Every structure is written in structure tokens, then in C-alpha cells.
Amino acid sequence: MAAILASQGCYCRHIDLMNEGRILSDNLSFSSSVSNPFVKFDRKIHNLIFSDKLRMEVEMRQTESPASKNLGSSGPPDPKKLGSNGRVIKMVPTSEVVKKRTPNGNRVDIQNRTKQVINGATLAKRDSSAALVKSTRSRETDKLPPLEDFRVLPTDEGFSWADENYNDFRRTIDIWSFVLALRVRVTFDNAKWAYVRGFTEDKQKSRRRRTASWLRECVLQLGPTFIKLGQLSSTRSDLFPREFVDELAKLQDRVPAFSPKKARSFIERELGAPIDVLFKAFEDQPIAAASLGQVHRAILHNGEKVVVKVQRPGLKKLFDIDLRNLKLIAEYFQRSETFGGASRDWIGIYEECKRILYEEIDYINEGKNADRFAEIFEYKMGPSAGVKINHLDMLDSRGYDRSRISSRAIEAYLIQILKTGFFHADPHPGNLAVDVDESLIYYDFGMMGEIKTFTRKRLLELFYAVYEKDAKKVIQSLIDLEALQPTGDLSSVRRSVQFFLNNLLSQTPDQQQTLAAIGEDLFAIAQDQPFLFPSTFTFVIRAFSTLEGIGYILDPDFSFVKIAAPYAQELLDGRQRPRNGTQLVEEIRKQANDARSSTISMPYRIQRIEDFVKQLEAGDLKLRVRVLESERAARKATILQMATMYTVLGGTLLNLGVTFSNQGSQVIANGSFIGAGVFLTLLLRSMQRVKKLDKFEKMIFISNILNDFCRDKAERCHVCVVGVARTPMGAFLGSLSSLPATKLGSIAIEAALKRANVDPSTVQEVFFGNVLCANLGQAPARQAALGAGISNSVVCTTINKVCASGMKATMLAAQSIQLGINDVVVAGGMESMSNVPKYLAEARKGSRLGHDSLVDGMLKDGLWDVYNDYGMGNCAELCADTHSIPRDDQPVCWLVFYLFSVQFLEHIFPLPFLFPLVACLSTPMVTISLQSSGIIVSEAPLPDSYAIQSFERGIAAQDSGAFAWEIVPVEVPGGRGRPSTIIDKDEGLGKFDPAKLRKLRPSFKESGGSVTAGNASSISDGAAALVLVSGEKALQLGLKVLAKVTGYADAAQAPELFTTAPALAIPKAISKAGLDASQVDYYEINEAFAVVALANQKLLGLNPEKVNVHGGAVSLGHPLGCSGARILVTLLGVLKQKHGKYGVGGVCNGGGGASAVVVELL
């Protein structure tokens, strides 16, 4: 493959290697090959004869030998060789240059019937003896092969910045509107008085998350410049709070592609010839689009397949406008205390970003960067069979050592930064691949960073000091690097640095801090300490934080410190090895200068000590022991007292001013108003001083905070889900009714263990839910476990918490792992409601006159509220009445005064005196969902409509194969010689008839009832199982972790109110997981009745599109002991298929209780 760059007058082409396969590498550099340009193409004079002539010239140039060209010509450029922008047109060869291969050398893989080739540079330790040779190149077919993952990209139509008539004025208005809106949001995020019902850190973090989400969307709308700046800013943890860093890190090049017409026009203008002359074939649809350009596939006339990188038209003009405004913004930020003021190097960051942006759109500069990279490392350009570094399945299939690859990535960057000072500044997974010998392949040299020799030496000193855990040397190195201002008392800084050194280099794998977490701590320190991180390090931090993410993808046990330690030792050994004569002289000179300085200053130090002692003896100097904590508390109290006085005086003068103004004494009134303004100004200054003291107190306890963070993180990461399975949900007296609950449980357990690749002999305990145990025999959980091949020595416990049994079993399993009791536990639940017997309750005592009554065991022990002596459906009717959820379609006019409410102020705008919301909605039920994008007011479905929605979602999931990940097929014996039947689908979904559902009569309340057999959960048979292991055990056994259990909770209230108990348990579980509700992607709430899901959605303010997206118990079925576990299995499937991260499962249970579990998908 060859890369063709169409921008800045740069044309990169292929040159066949001749002369017995060898050519000097100098002649293949980007900077050395200058060729005659094509005659500029003018459409007005274009004709067929001219086209044919030009095509012949192109074909000759694409196939001629480079030996016939004068590649080293010097002198001023010929004016005819200048591109449309006045720059020299360069013909850049990209022919393959590789190391001479051994018999066991690299191979070229065949994928999709074509060679898998990657255009880039391979990084390895330089071997000066390695010869450069020509590799053979087979001619490919003239047709472009289809791409396996090809997708049609959206166009840029509709974006204002892509409009040709977009002018400077409109762009400036858009930019400054965004800046001012950001200024207002940040001000109110930081102002404690702007929080209704008091300020808390949780509220501030929640509001910051919303602001950060808004910022990310605005950046995408503002286009290429701001997307790039957002990506660069995502590495500056010292400048921005964690919430902003996380959101900005999500920015990808999501700018739509520009039209093929624009691409063709741009290529023809830059390369001076029509497309059909330049290429034998050219694909109009781009294969990828980014903020700065897009890539097309093409074939040269010699049959070589190439990619054409085309810069976005008008990009430089857009950069010029944006950077003029950004300079003003940087100067404004530099003066603004809200954005850090003098403690932030905004101007330096602007200059660094400006340089990088302009260099990245200069494709000639990209070629020069590749040349320079080649001078430092062994380098090959052209076909290189490699695998993208985040394609884990392909890496594993080829037997690559992922741990070694992650180590090489870190070592490569340590070499680039600390040894050469020239490094790749954008090492995201798209720009890194792995060659057949596990060496690294780099793409895209547009964004490169450089560290000057002086700075690199200082970085080395810092590296040595960190490795030696010498806080004093670390601080001195930071001062030398101008990252720390040597002012004031640095003792607190020294303590913080020492804490970092102790924890960063001594943590266990479970406690290992990530660079992102360290960055959050740096932000906290930088608020009150004299840290000023230079803009030079922006791309160093970006590179290492990106590599850390790649490291964790490749190797769950990744440790930056562990990988860097051998390299540090190598540097230290090199530093301590015998020096030559020149180095010894330089070292002696340096030590002599230090000794001379110490000798000269010694008498002055002795004199100062003597003066100090004399002052003590004369009583002129007094020593005072200070209790700093008490002093700070007293100072804060004094400031608050003064603030109270200012408030009283200001208020008094304000009242006097109003009074005198009403009486006509305007002069006195004006004086009163001025005095009130002065005192209110003093009040604001006092509150700022209190705020600074609070920040300083936070800094004092930063070590404890970090310790708590690490410990909490380690505790929450212990419980891992490695395997799940469930049976299909069988209808009542349906296809699974011939199997007892224990058999269904055995099938689910066996499948979950098999999917987890866990040997049954390693299981240490089993917790399994089962509610209707009558006639099953002793210890149903143990029967199911032994039936799945689990050892006789394993302890098994049957859990009965009614509908929440399966979820409670999972919670108990997680507890046993967290307490260190077990490492491998199976949890779940099972039920066969079809096989529950009926009781002759009084038969043991004898039947009087031969008369007795049958009691339905399923109703008695599963579906009856014993506390109020009525059916559970009556509780559902109570819920519908309480929360105004009618079944019929009678319109109810709701007048919703959403005025001055906490939710409105917290979610819509941070001003507590603006925008009252008054809405009159003629709907039976209204859901107001508050999302990051604003208020979503929607009509919630009534119970029947909700039930229909549940069926439709379940059927859609089944048809799409979403349940195949969860379900293990069950073989049901035929009996009497009939063949067995395989059941692999939920049986209830096949009995859906919306018309009949709406006609069903209420079951528990004849007049105005809401609950029917159609909108209640169906009676079913089934089982579900989960395999939970400790994090340590997962690593030891090499298990693939599906998810982590990060939190769980129970809740309870009055028995008749059990339907809304999930609204109590779910927030508790989310809080224990250390999350905010806004971070949860999907919910699974058990549909015991349709009104249960509706009421809990309303109480929790959930978006209905996030709840039970694959249907629920109404459509799938509700085997009582199984449902809690089935919900968790389905939740993991939803997160996996919808690309979510956090999910919450909740289920109510008879007696007024509920359980909830929070999981994090990995």
C-alpha cells in the first residue's frame, strides 16, 4: 500500500525499487525526493487528447525507476514546481523498505482474500548492521476489495462551519456565545450560594458532570478546531476537574465526511490533473473521516492500491478565525480567577495547541517527521502485516503476548521522551499496531512532540528522583522544570510528594492508581499550591494517559511503575558506569563549583546563626508554639463574624436608602445605597477568604483522602461475574412443566460454569433462590448443585425472599467473597410454578364428616399477602390509586407548576430566580425526565399500553437474537417413545394478542380497576445462575471477567406498599457503588405488575427508554425464585449489546421489601 497525501501541494506516490532490489534509504525519505509536477489542470481547456496525453505521463511516472531521477537536485525551486499555495510539490515514495528477513521472519496474513497490509513505521531498538532491502510486491487485482467493517459516513450538511458562506462575523459570534455560556455555568458550578438547600460536594460533582456533558456537545457543534482542542485538553488533569476530563476524553473525530465532489475538486486542484488521469480507480465514498480530513481508496495505473488522504477544504481559513478568537479567550482565562488566573499557563497552552494544529495540517511536515523518526529508530514504510493494538481477539488468535506488547509500548515512549526527546504525540489505538514479531507499528506522524535537551535532562533528573523516592530531589526537579513555583512554605508540598512516591511505587495490583486518578489529585493540589504545569508537558501527559488505557486493555494486571522500573534501573546503571575523560572533567568541574559555593556561603550562615542566638539571649526574639489547626479555625471564625457584621450593616443601609428614597431625600438615599454596596462587597471578599481556607483545609487532609480512595477502590473491585446462563421461561403448565425446579436449576448452573470456564470442583459455596419448595424434597439448592456436578463437600443454601430470592442469593454470594470467606461462588434462583401441589391443609387432623378443602400452594405461599389477607394484586391496585395510574383512557388535566424546584434549578440553569416552568398537560399520566440535554416531558403508557410495550420489546429482542447470549437450550424428554424436544425460546412471547389484552376485565377491583391478567406478570417456570469469583481468583485462573458487582442494598416498608420498595433500594445501591444516578445506563425493574414498573419509574424520575429495554416479567414470565437472578442476567445482556457501562437491577418482594444490585460491565 502507498499513502497519497493531497494537501499543501504535496503528492505522495509509489516508486518501484529497482537495481537488484537495493536502494539507499536516504533516497527513500520524505524530504529528499522532489519530482517534476504535472501540468496544472484547467477544466476549460481539458479535452480527450489532453487527458490521454496526461494519463500516459502519469503512468510513466508511476512505473519509472527512481534511479533515473535526479533526487538530490539543489538550488532554488523552479516556479513550475510550486503547488497552488506556493509551496514546493514533493513526490514522496512510500515503497516498502524492511529489514532483511530470516527464515523464520515476518509473514503476510491473508484476510478477506487480500493481503492485510498496514502503512506505518515499525519501532524497535536500532541495529546499525541491519540492511535495507527491497521486498517483493505482488500485483493486486485492479478492483478495490470490499471492506469488512465498511460503513456509510454521514455528510457535513447542516453544520454551520461547513457552509461555504460561513463568515468571520458569524463564527466569532458562535465562539463567544459558547465562551460566555461556559463562563456562566462554571461560575454557578463553583458558587456555593447557587445551590438550593445547601452546597454539598456530591451536588457540585453532579452539576459539573452536566456542564461537562454540555461542553462536549458544544465542542462537537463548533467543529474541527474545538474538537482537537478538546482532545488535547482531556489530558490536562491539573487544569480541569475530573468530570471535565472524563467527558472530554470521550471526544473522538466524529465530524461527518465532506462530499465526494469537494474531495475530487480539492485533489484535482492540488495535484493538477483530473481524477481519472491520476488514478485507474477512485472510490468516492471515504473509508474514514476525521476532523481534519478523510481517506479514500484508489488504484494507480500500475495496479498498486493506495489510500488518498484529503484535507478538509477551508480548514486553514477556519483555523485562522478560530485561533484569533482563541488567543483572546486564552488571555481572558489568564486574567480570570474563575479559570485559575496566573496559576494556569493558558497562553502557553494556546501557543502549543496552535503550533500542533498548524503542523498537523501540513502534510509535508508530516513527511519530515517520518524522516526524523526513521533516523532514530529502525523504520519501514509500506506493506506491513499487522494487527491493531486493541483488536484483542486477533492478537490472541496469533499467539501474541499482550503483556509484552504493553511493556514495549511504555518502554518505547520512555525512550522517545527521555532519550531522544522526539515522540509521537497521538498514540491512540487507531495509530498503533503490532507486527508479526510483536514490534510496534506507528501511523500518522502529523502530531509529534519535541522536548528540548535542557528540559529532557531535567526530566531525567525527575525520573531518577521518583525512582529513588527522594521527595526533596523531586521538588527541586519540578522547580527546575518550572512546574513548581519556589515561593512560600513548601513543607505541605513535600509531604504530598512523599505520599505520592510511597503509594505510587508501593501499591499492590488491586490498589494501583491510574494516571487519571493521580491527575484528579494533582488538580486538587494545584488549587492551593504553587504548581504550574508547563504547556510543554501537555502532549507528554496525553501520550502516557492514552498508553495507560491501552495497557489496561491489553493486560488487566498492567502496572506502569512495574514496567518502568527495569528501564529506570538501566538508566541509573548507565548513569553510574565509568565515565570517559571528558565526562570526568565535567563532573569534577560541577562538584568543584558546588563546593566553592558552599565554602563561600558558610561564613555567612555561621554569622546568621550567631546573630540569632544573640537575639534570643537579649530577649529580642521570642519563640511561640503554634497550633495551626486552631489558628485556622480562629481565623475562619473571625472572618465569619466580620461577614455577619457586613451583612447587618449592608442590610441596614439598604433599608435606610429605600426609606429615604420614598421620603424624597435622594442624596441621603444614594449615600446609603453606596454604603450598602461597599459592605456587600466586603461581604463577598470575606466569603472568598473563607473559601480559600476551606480549600487549604482540604489540602491538609489530601493524604487521608487518597488513602480512602485507594482502599475503597480495592474493596469495590473484588466481586467479578465470569459466567451467566438462564433457561427459557416456560409458560404455566407449558413446555417445561415436566421438569422439576431442581432440574432447571442444575441446567442453569452447569451452563454458567461451562461458559465461565470454571471447573465445578473449584466452587466453594452455592446460594440459590427457591420460593415454592413443597414436594421438591430436602434442600433444593443442594439438589440443583449436585445435579450440575458440583462436589458433595460444597455448602449449599436455599434462599427464600419471595420474588427477590435470586437477587438476594447473588448479594449473599458477593458478601462472602468480599469478606474473604470464598473465592468462587454460584448464585441464582429456580422455580417450577407448574409443579406446585395443592394442599389438604386440615387432612392430618382428620376430615370432619369426610369434608375437606384444597388450598392452592402457589397462591398460599407465593401470591398471597398474609399480612393483610388479600391477594398481591390488591397491593398493585393500591399502588395504581396512590400514584394515579388509571387503566382507562379518561383524560385528566394536570397543572404542573415546576417553579423554583430543586430539580429545575439543578438540571436546567444554575440561576435560582429565572425561568419558571408552567405546563398544562391533558394526559392520563405525565413523566418528566431530566436528562443532560434538558427536560423530556412524555406521556407514560397506562398499564395495558405498558404491557403491550413489554411484549413488543421482548419479541424484538428475541427476533434479533439478543436472548441467545443468556439462554441455554433445555432438552425435554418426550416420553412413551416420543423424541425429545429442544426448548430455546421464552414461551410467553408466543402468546401475545394486544386486542385480547385490552379487553380483559380487572381481576382485583371490578369498578375502576387497573390490574388485569394481561398487565400482570405471567406464572412461569425457569432458572438462572451466575458464577461470581474474587478479582484475585479471576487473575489466578485466567478467567474472562464479564462484569463487577459494585454495590447492592435492601429496603423495606409497609407490606401493602411492597410495589414501590425498589424506589428505596435502588438509590441506596447506587450510593454504595459510589455512583450518581446520572451515570447509570440501563435499569431492570421487575414487572410483578405493570403498575410496579410505572410507579418506580415515576418515583425515580427515570427515562422509560432506559428501563426494561428487552421486556420484563409481564412478557417473559415471573418464576418467583428465579426472577431476581434472571433480571441480572438480562441486565448484563442489555449492557453488552447496548454498549452501556453501569446497570441497576431492582425487584420488589412480598412483605414490603426490595433488593437492588449495581453491576459494571467490563
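Yeah, the Cβs are placed from backbone N, Cα and C, and that goes for glycine too.
Note that TrEMBL annotation is computational and uncurated.
Copied over from TrEMBL, here are the features:
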- 63-73: compositional bias 'Polar residues' (COMPBIAS)
- 719-890: domain 'Thiolase N-terminal' (DOMAIN)
- 944-1030: domain 'Thiolase N-terminal' (DOMAIN)
- 1039-1160: domain 'Thiolase C-terminal' (DOMAIN)
- 667-684: transmembrane segment (TRANSMEM)
Model confidence over the domain 'Thiolase C-terminal' (1039-1160), averaged pLDDT: 94
Beyond the flanks of the transmembrane segment (667-684) by 6 or more, those residues with Cβ under 8 Å of it: 642-643, 646-647, 649-651, 653-654, 656-661
Tally of residues which DSSP labels helix, strand or coil - the domain 'Thiolase C-terminal' (1039-1160): 54 helix, 34 strand, 34 coil
Composition by DSSP (helix, strand, coil) of residues within the domain 'Thiolase N-terminal' (944-1030): 31 helix, 21 strand, 35 coil
